[in-house]
Amino acid sequence: MAATPDQRARTADASPPPRSFGEEGARLSYGDYLRLKDLLAQQAPQSGASDELLFITIHQVYELWFKLLLHELERIRDAMAGGELWHARHLFRRVHAVERVLVEQVQVLETMTPQDFLEFRSVLAPASGFQSVQFRELEFLSGAKDEAYLSRLRDADDAELARLRRRLAEPTLWDAYLTALSQRGLAVSDEEIMDSLLAVARDRGSYDDLWELAEDLLTHDETAAHWRMRHVQMVERQIGTKSGTGGSSGAPYLRGRTRMQFFPLLWELRAWL
Ligand code: HEM
Ligand SMILES: N[C@@H](CC(=O)c1ccccc1NC=O)C(=O)O
């Protein structure tokens, strides 16, 4: 069999095989690059309960994914406003995949029994998911801006409050979608927006990219609703009708939140088609 160009070159000058890719710099190790010493030192259970490590780990994993989602959703917003619809759609595929993971991962925490949760639940109060700054940032960026939540963040520091205020002030995904519509000559005033959305839906030949982008927004909205429903099911399974450590009514409050829509007009559009 004929030698490959690579084999020929090696036998010709008898030089040692090249070092494997990445060895040239030889500065970073796996643990250094990923800051594993710091990362793996961040789980500090407050009780002796065996399942508290699971509880902390799952929340930290959520927060890491929230961080990535904020990064990608910002890029999506900016791509939409900048007319780069293909790029927004590319990033939406990633966002949807992560969001499906967020929903699926609820089942990991559901392996905990309510009895085992009660072993450490009392040490958690008054902490609760209410205080997740990144979760609220995701809602604000998606269009559900509700300033009232700022007052529920008991222990938020100045930097966190500033981040939320910035999210309240900056354009949402919906604002960016409207910019994309107007760049294509479509009217976006309150009175005209439904007609524009209908025009996009009815003329896929001219507006397919805008239609698909609206579908991506809707999938983001739908998957967020799936998470809220999975979360409240998990809550009912764990604490039933008890009120929450964060001071809400618990499951009834969370059931109310499942009706929230980021993009109500995209849902309403269906009725007019
Ligand atoms: C044993 C599991 C869990 C229980 C029993 C539980 C319970 C609750 C309750 C009762 C609330 C309402 C606020 C309160 O009064 O405390 C809440 C809110 C919240 N929880 Fe959980 N939770 C659990 C797991 C999780 C996980 C894994 C996450 C992931 C980050 C999470 C994120 C949130 C968020 C973001 C809120 C605020 C929701 C909103 O205001 O719409 N929770 N949770
Ligand atoms: N709110 C929950 C406690 C809880 O799940 C929690 C506590 C501290 C930090 C994050 C939490 N997760 C979601 O609310 C409860 O009432 O049992």
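Keep in mind that glycine also has a Cβ here, set from the backbone N, Cα and C atoms.
The feature substrate binding site is assigned by TrEMBL to Phe55, Ile56, Thr57, Ile58, His59, Arg121, Thr245. Arg121 (substrate binding site) has a Cβ environment of 18 other Cβ atoms inside 10 Å.
Sequence annotations record features per position, and here TrEMBL assigns heme binding site to His231. Its Cβ taken as reference, His231 (heme binding site) is surrounded by 19 other Cβ atoms within 10 Å in the chains shown.
Marked as region 'Disordered' by TrEMBL: 1-25.
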Largest C-alpha distance in Å for the substrate site residues Phe55, Ile56, Thr57, Ile58, His59, Arg121, Thr245, as a whole number, is 19
Of Phe55, Ile56, Arg121, His231, the binding-site residues with C-beta less than 6 Å from an atom of ligand 2, in sequence order, are Arg121
What remains of the binding-site residues Thr57, Ile58, His59, Arg121, Thr245 after requiring a CB under 6 angstroms from ligand 1 is Ile58, His59, Thr245
